[in-house]
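What TrEMBL records for Gly124, Asn177, Ile178, Asn179, Glu180, His181, Lys182, Arg183, Asp248 is (6S)-NADPHX binding site. Taken from TrEMBL, the feature ATP binding site applies to 219-223, 238-247. The domain 'YjeF C-terminal' feature in TrEMBL is assigned to 8-316.
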Amino acid sequence: MAGNLDHALAAMRAIAPPLDPKKHKGQAGKIAVIGGCREYTGAPYFSAISALKMGADLSHVFCTNGAATVIKSYSPELIVHPIFVESHELADESQESQQATKNKTLREIDRWISGFSCLVIGPGLGRDPLLLDCVSEIIRKARAKEIPMVLDGDGLFLVTSEPELISGYALATLTPNINEHKRLAQKIKGAEHEVQTDKIPDELKSLASQLGGVTILQKGFTDYMSDGTSVLACDFYGSPRRCGGQGDILSGTVAVFTSWARQCKGSSDMEKLSRNPCMLGALAGSVLVRRAAQDAFTRHRRSTVTGNIIECLQAR
């Protein structure tokens, strides 16, 4: 690992809250995943169940009506809210009726949002215009309440289209792959900008700075993360198996550690890496998901699937 793996592991141990029988349910984290539509039900499940496996006390999924029953059937551990409506369901409705439906959805979000430690926005979200419009409002509400958020998948598509949603918000973490990084960079720096793949740390630091200090975790052979001030990297080898869903595991894991790091008083090992809870959360997620992928591949080899990696996931 680039840097010092021992420092990173020691920082993770310092961040993870002790298991204390005097604590009540929820104190170790309440994570909400905003995502899940008719076509994509696996991604929000992977993200939400990974948050639980990593040590969060409660994990919620806010999804469309068409996704809710499917996601509930995957696990009784998740709290599933079928609150979103897609455009096709309101195709024959008036603009006033559509606005009333949107307002109803946002009122339901208002009942819950203040209690969450971190939001994961995007896994399996889809790109329905009405749905994205609602999620834009949720991002604004979370930002006003200073709730950390991790954006992946279609959440990245949304903020690439509307970067002002997260620009200047230091509690936002973006988790793009290289192609998503390139699209975001072209949106911010201009369509003519070409990301130099041999200079990813510098490119990432510049982009995070231009976005006002958000944390960006770019996934790749080496994971790089920057908040515009510093750059961390993880090249701990995980697995050659590239089955879909590993980014969803990462988003849930990053969310948990970001919420824990924000509550932690700090340690010398943490100080050596970063004082930014989003940077610490991103590094912890990267290391732990790679270790879980390595363990899963050792057991299952080419047959490794996302569920196998989740089985190996733990904050250790």
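Glycine residues also receive a Cβ, built from the backbone N, Cα and C atoms like all the rest.
TrEMBL: automatically predicted annotations, no manual curation.
Structure coloured by features recorded in TrEMBL.
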residue : record                   : Cβ within 10 Å
Gly124  : (6S)-NADPHX binding site : 28
Ile178  : (6S)-NADPHX binding site : 13
Glu180  : (6S)-NADPHX binding site : 20
Lys182  : (6S)-NADPHX binding site : 16
Lys219  : ATP binding site         : 20
Asp223  : ATP binding site         : 25
Ser239  : ATP binding site         : 21
Arg241  : ATP binding site         : 18
Gly247  : ATP binding site         : 21
Asp248  : (6S)-NADPHX binding site : 30
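Here the Cβ of Gly245 (ATP binding site) has 19 other Cβ atoms within 10 Å, regardless of which shown protein chain they belong to.
Within the set of binding-site residues Gly124, Ile178, Lys182, the entry lying nearest in space to Phe221 (ATP binding site) is Ile178 (CA atoms).
Other C-beta atoms found within 10 angstroms of the C-beta of Cys243 (ATP binding site) number 15, with every protein chain shown included. When Cα-Cα distances from Gly245 (ATP binding site) are compared across the binding-site residues Gly124, Glu180, Lys182, the shortest belongs to Gly124. Rounded to a whole number, the C-alpha distance linking Gly247 (ATP binding site) with Gly124 ((6S)-NADPHX binding site) is 11 angstrom. Counting every protein chain shown, 8 other Cβ atoms lie within 10 Å of the Cβ of Phe221 (ATP binding site).
Recorded residues Asp223 (ATP binding site) and Glu180 ((6S)-NADPHX binding site) have their alpha carbons 14 Å apart, per Cα-Cα distance.
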